[in-house]
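The domain 'Alanyl-transfer RNA synthetases family profile' annotation in TrEMBL covers 4-691. Annotation comment: TrEMBL describes His547, His551, Cys648, His652 as Zn(2+) binding site. Per TrEMBL, the feature coiled coil maps to 685-771.
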Amino acid sequence: MKRLKGHEIREIWLNFFKDKNHKIEESASLIPNNDPTLLWMNSGVAAMKAYFDGRIVPKNPRMVNVQKCIRTNDIENVGNTARHHTFFEMMGNFSIGDYFRDEAIEYAYEILTSPKYFDFPLEKLYFTYYPTDIDTYNKWLEIGIEADHLISSENNFWEIGTGPCGPCTEIFFDRGPEFGDFTTESIKKDIENDRYVELWNIVLSQYNAKENLTREEYPELPNKNIDTGAGLERFASVFQNAKTNFETDLFLPIIEKFADISGIEYKGQKSFKIIADHIRTITMALNDGAMISNEGRGYVIRRLLRRAVKHGKQNGITRPFLSELVTVVIDLMKPSYPDLLDRQDMIKKIIHSEEIKFLETLQSGEEKLKDMINQTQSHMIKGEDAFILYDTYGFPLELTEEYAEELGYKVDVKAFEVEMSKQKERARSARTETSSLASQNQDYLNFTDESIFVGYEKLSQLAKIIKVFPEGIVLDKTPFYATSGGQLADKGIIYNDDITLHVIDVNKLPNGQFIHMIKEDINQSLEGKEMTAKVDQVNREFTEYHHSATHLLFKVLRDRLGSHVSQQGSQVSSESLRFDFNHYESIDDSLILEIEKDVNDMIQDSYKTSTSILSIDQAKEKGAIAEFGEKYSDKVRTVDLKYTLDLCGGTHVKDISDIGRFAIKSLYSIGSGIYRIEALVNDRVDNLVDELKGLNEDIENVKRKAHRIIDEAKEEGIVLSIDFSDNYKAKGSYQDVIHQRDLLKIYQNQVKNLEKEYQRIKEEKAMQSLSDFTKDTYGQKIISIVNDVNGGVLKQVADDLIDTLDKGFVFLASIYNEKVIFVAKSNDPNIDAGRIVKEAAIICQGNGGGRKDFAQAGGKDTERVQEAIDKVKDLVL
């Protein structure tokens with residue numbers, strides 16, 4: 001049998017189906033685009049979801065890919081089994097309404113058995129089928145598979161709720177009795193084993209599942225589809241006769257590098273496998289833009305990294321080491337994913353930084369866990385304690401569970417989740433996983449009439465309404481831009497002599513037409529009418545200013561911060577621009593000003609922008625940068641903005657000087673390693689200071705507080721003042737933001753000093769009026785109430801008064817800030833100040849006490865102060 005390396009398996013797969021007229025689809029990012037149901041791209045078909053549910057109609061209905069995937073739902077199996085991984089590559093071939101069962105089976109047979117391709121021994125292959133799927137059974141027989149190699153299995157039906165579904169046929173390879181004493185019965189009963197390895201699953205999507213119907217009653221789909229998945233790692237283990245996937249060329253170099261670092265020979269240890277698996281996942285995820293955090297996919301990466309560090313420590317490594325494995329991972333993966341080389345330094349820095357952070361708390365966290373175990377009376381660690389390990393020591397719950405299990409303990413997960421629910425939902429929270437074949441909107445899918453976008457050339461167009469949907473109308477020609485690529489849709493009107501319709505939004509339909517959302521009620525009578533479609537010119541122009549500025553900003557960020565910067569999202573409208581990007585270091589004010597200046601320098605020179613239609617390869621060769629999340633066809637539109645050439649279908653300025661001015665309104669972090677810039681251009685810059693609503697409101701609140709203090713002081717005969725003058729002239733720059741922020745700090749300090757001054761004068765007045773405190777004097781005993789005097793003043797007055805008494809007692813009470821304060825001083829050996837203060841405090845729902853000669857206390861009930869005073873009198877008079 002052939003011995004093939006991982007990259008050779010990929011090449012054979014892709015080239016075989018390319019020769020069968022399949023379009024090679026590049027692996028989608030591990031981070032799903034516009035799909036909130038998925039945390040990660042977790043299967044080959046997930047990348048094809050938009051094709052299968054009809055949102056996008058592929059130019060070629062035959063496609064093939066090798067898709068990067070991450071699954072972490074059974075992470076505890078990694079290292080314990082031969083084939084479980086958190087990152088893996090899924091090979092697949094797909095047909096969207098084109099070929100079906102016969103061709104799919106013929107292709108599978110040819111690539112698996114032909115000497116030109118994989119050349120598997122036919123006698124080693126076994127094939128499953130759904131019991132009632134006789135067509136599949138007969139097709140395998142027809143092409144030469146022996147009946148005793150065909151296995152009926154009730155599990156061979158792919159179905160998730162209602163919608164497209166169908167039988168599937170799986171292909172297994174028999175590795176021989178040396179891999180276990182199993183028979184083909186294990187395939188039939190779906191018993192996991194190392195002898196019979198599932199290589200490939202072919203899903204025949206031909207039915208439409210409906211509620212209250214049996215599978216035999218499901219109606220057939222009008223368009224049948226093929227969806228297949230074959231694990232690259234499994235193919236590699238078979239071709240390389242490896243005991244497990246970890247002994248293949250996809251993993252072994254990583255394991256060998258860790259063996260060098262640890263000084264321990266690899267003999268199949270679980271820890272070695274876990275580390276090799278996790279560093280592959282971490283590297284590939286970071287490369288695709290994931291950032292380590294305590295939420296979402298960032299939490300998954302943190303959990304994997306800390307789990308790997310923990311297993312490194314178990315092998316005697318107490319220093320950062322994972323970043324050293326990144327180079328090996330990239331060397332292995334770069335033939336298929338060359339972009340890894342551009343981000344190698346960034347990936348290493350992020351991993352190294354996270355390792356250091358965790359190692360600082362790992363030792364103390366382990367000791368804390370041991371203390372918790374020693375203190376527990378059962379074999380259950382409290383959920384509250386597990387949360388402390390998570391929140392204080394950075395131990396993900398799963399890591400604590402792993403530690404506990406090794407020592408024969410369990411964790412009270414429910415109690416942990418109660419604590420966790422007080423914070424944001426973490427990545428381990430369950431996510432709803434839906435079918436990659438969503439129910440198709442047949443009305444949109446069946447609508448294939450041509451509609452042409454003319455908005456690049458003109459803003460007004462005589463057009464015919466060719467379709468009225470409940471949601472909006474479609475024109476045969478439209479100047480309106482539909483929301484895409486981060487650019488919001490045009491606004492405007494569609495009118496004739498009889499009616500005017502206001503366009504409030506525009507979206508794309510599956511077959512490429514634009515649907516115009518209308519403010520007014522619409523009906524079918526509009527269909528066929530000729531009307532003029534007119535885009536709001538000012539709205540379009542300001543959207544173009546912001547869009548072109550966004551591209552220049554992206555260029556400056558890459559120049560200033562590094563080539564690792566990638567776009568994580570954007571939104572451009574007529575009012576402002578928003579741009580999200582990844583970066584792993586802080587960005588100070590001086591750097592923000594430099595970024596702003598660089599963009600402004602770019603737009604000072606007049607430069608006529610231009611667009612071209614190129615092949616995707618030509619565009620990339622010229623250095624074009626694709627917009628985040630966009631899917632591009634073979635021919636793409638490029639926009640030349642002098643300083644940057646980008647792939648973009650949006651509308652842009654005719655000359656970059658039209659942008660006029662550029663000002664950054666804010667730059668802040670929206671997650672670990674992800675920043676957001678908000679900015680304004682052209683005349684919108686004039687409103688920059690007014691746009692700083694949060695800062696402006698804080699400044700006004702500080703001013704209002706100052707005026708309250710001044711008014712309150714005035715009522716007490718105290719004259720105070722504060723100077724809030726500000727002679728700064730707005731510059732239409734981020735410098736205005738800095739000024740407003742600094743101004744807030746200045747005003748806050750001024751008000752703080754104003755409060756201190758007010759309190760100082762009040763205290764002086766109180767000290768000057770000892771008579772107010774001595775109005776209730778009983779010989780050598782002073783028992784008095786005064787209001788609005790703080791504890792410090794009371795204590796000072798009590799000190800001064802006791803000095804005037806030879807053998808006496810001073811008890812002072814005050815209501816200050818809606819609370820009761822008691823202070824007592826005694827130089828009479830027969831009077832215990834501490835006991836008396838405590839009794840008074842109890843009456844006012846407070847507590848306190850002290851020595852015989854001095855005591856103080858507080859209380860909540862201001863209504864009972866007189867009652868407390870009377871009690872004191874009873875005790876000492």
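For all residues, glycine too, the Cβ spot is worked out from N, Cα and C.
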So if I measure Cβ to Cβ from His547 (Zn(2+) binding site) and keep only same-chain residues at least 6 apart in sequence, which ones fall under 8 Å?
Gly486, Gln487, Val572, Leu577, Gly650, Thr651, His652
Residues near the Zn(2+) site, His547, His551, Cys648, His652 excluded, by Cβ within 8 Å of the Cβ center?
Gln487, Glu544, Ser548, Thr550, Val639, Leu641, Asp646, Gly650, Thr651
Where does His551 (Zn(2+) binding site) sit in DSSP terms: helix, strand, or coil?
helix
DSSP three-state call for Cys648 (Zn(2+) binding site): helix, strand or coil?
coil
Across the domain 'Alanyl-transfer RNA synthetases family profile' (4-691), what is the average pLDDT of the model, as a whole number?
89
